[in-house]
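Undergrad: Pasting in a structure now, in structure tokens, and then I'll have a few things to ask.
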């Protein structure tokens, strides 16, 4: 009897496998760290062979650990770090170069050159995206232009490109399927989110041969089956979505205007805008949330590049804390930051500013500043950056947010969640499974594709809020705090 959905969750720092039951509860999980490669300052890569090896190993480990027969797996879901991209040889399955990470800034010059030529407008109109090194297209172009023989082989039709989901599907099916879903395709800067097709003009702008492109399908859809040699049985791959999009679905943000914010290395806020895309005028991006039941759902998104990375920085580089728990303890030991603000723009600024040249800034230091003030300012920076995104989102959508669902590694910090509610002046809701929400969304997509869950109403039965936070400060105090943050941003830009 098929009792579980198995999810492959390939993230920026680890590869993970999770088993979910029909109630959306986690039966078990297994994970392995993935090691980023930093060839030069501002560059970031992954070894794609190691990515696949780590993802496959945690899958077999999990099944063995809980003594789960593959016969009990109804479907496999995939969720992945978005924009990170690689190119491989279709004939051998061997990558021609490492996967270039979404955080990598090596293509700043390519982006600037294309912007100078005036391509930013048409790219925004067709893809909903800002012409920035963050997205996949400039990374693919870089590989074709800089890896010896790559462009020639691509023009001969011998190379394929894909985001992490495509790479996993290729390996799970032993090269039988080269596919992606709408949500991941919409992050490449090559996919027209209105026609739902790869766009010829965009391919021409970035000089990428059409033969490299994966087939695109809905997020909930049987993409194919795993090769029987892997698990001893063919298992349907029923769900695929980028991690932030999957998180929105896992939060059951099915209604127009529903929003979530994920607190990880970066912060990613998405708002469901229904079946029509909203063209942002406030520095956000328009993206495809998911494809389901013959329809496409769109979203507004604010992507903050460096959020929790600021906390990692004070832990790993400055050695101020030993753990996330330490950070919260220090923050609560003082009443405020004593007017210290910190902007962690280590890799430029994302939404809503989109300034790749911005650098990190600390303002307000005095002789009375303590370590505790600085640590608190770093934590508060996550909430302030999310404030900037949410205000832009409200202006674009015309919707004033009453509550915000949260998830991700740093959402366990209750001080941060309370401060977020204070600054936004809205309810913050922390659901169950906050560390596996993206995985849960992928499980829902995979389960819906094979009838494990009948429909979205069936899924809503699994909903549950673990903790709520409500604003505890007045408008006057909120205004003073936000004005200080705005001054810090001015110094950054």
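Note that Cβ sites are derived from N, Cα and C of the backbone, with glycine treated the same way.
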Undergrad: Quick check: of 12, 15, 30, 280, which does Swiss-Prot put in the same sn-glycerol 3-phosphate site as 82, 83, 134, 243?
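TA: Only hit among 12, 15, 30, 280 in Swiss-Prot's sn-glycerol 3-phosphate site, alongside 82, 83, 134, 243: 12.
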Undergrad: Quick one: which of these binding-site residues, 134, 243, 244, 265, 413, have their CA within 10 A of residue 13 (ATP binding site)?
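TA: The binding-site residues passing the 10 Å Cα test are 265.
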Undergrad: Do any residues at least six apart in sequence from residue 243 (sn-glycerol 3-phosphate binding site), in the same chain, have a Cβ closer than 8 Å to its Cβ, and if so which, in order?
TA: 9, 11, 79, 80, 81, 82, 262, 438
Undergrad: Could you check the binding-site residues 12, 13, 265 and say which one's CB has the most other CB atoms within 10 Å?
TA: 265
Undergrad: Report the residues of the chain - excluding 12, 82, 83, 134, 243 - with C-beta within 8 Å of the mean position of the site's C-beta atoms, for the recorded sn-glycerol 3-phosphate site, in sequence order.
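TA: Residues close to the sn-glycerol 3-phosphate site, other than 12, 82, 83, 134, 243: 81, 84, 102, 187, 242, 244.
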Undergrad: Just the number: how many Å between the Cα atoms of residue 12 (sn-glycerol 3-phosphate binding site) and residue 244 (glycerol binding site)?
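TA: Roughly 12 Å, rounded to the nearest whole number.
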Undergrad: Out of 16, 82, which of the binding-site residues has the smallest number of neighbouring Cβ atoms within 10 Å?
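TA: Taking 16, 82 as the binding-site residues, the minimal 10 Å Cβ count falls on 16.
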Undergrad: Could you tell me the C-alpha distance between residue 134 (sn-glycerol 3-phosphate binding site) and residue 308 (ADP binding site) in angstrom, no decimals?
TA: 18
Undergrad: Once the DSSP letters are reduced so that anything not helix or strand counts as coil, what is residue 16 (ADP binding site)?
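TA: The three-state answer is strand.
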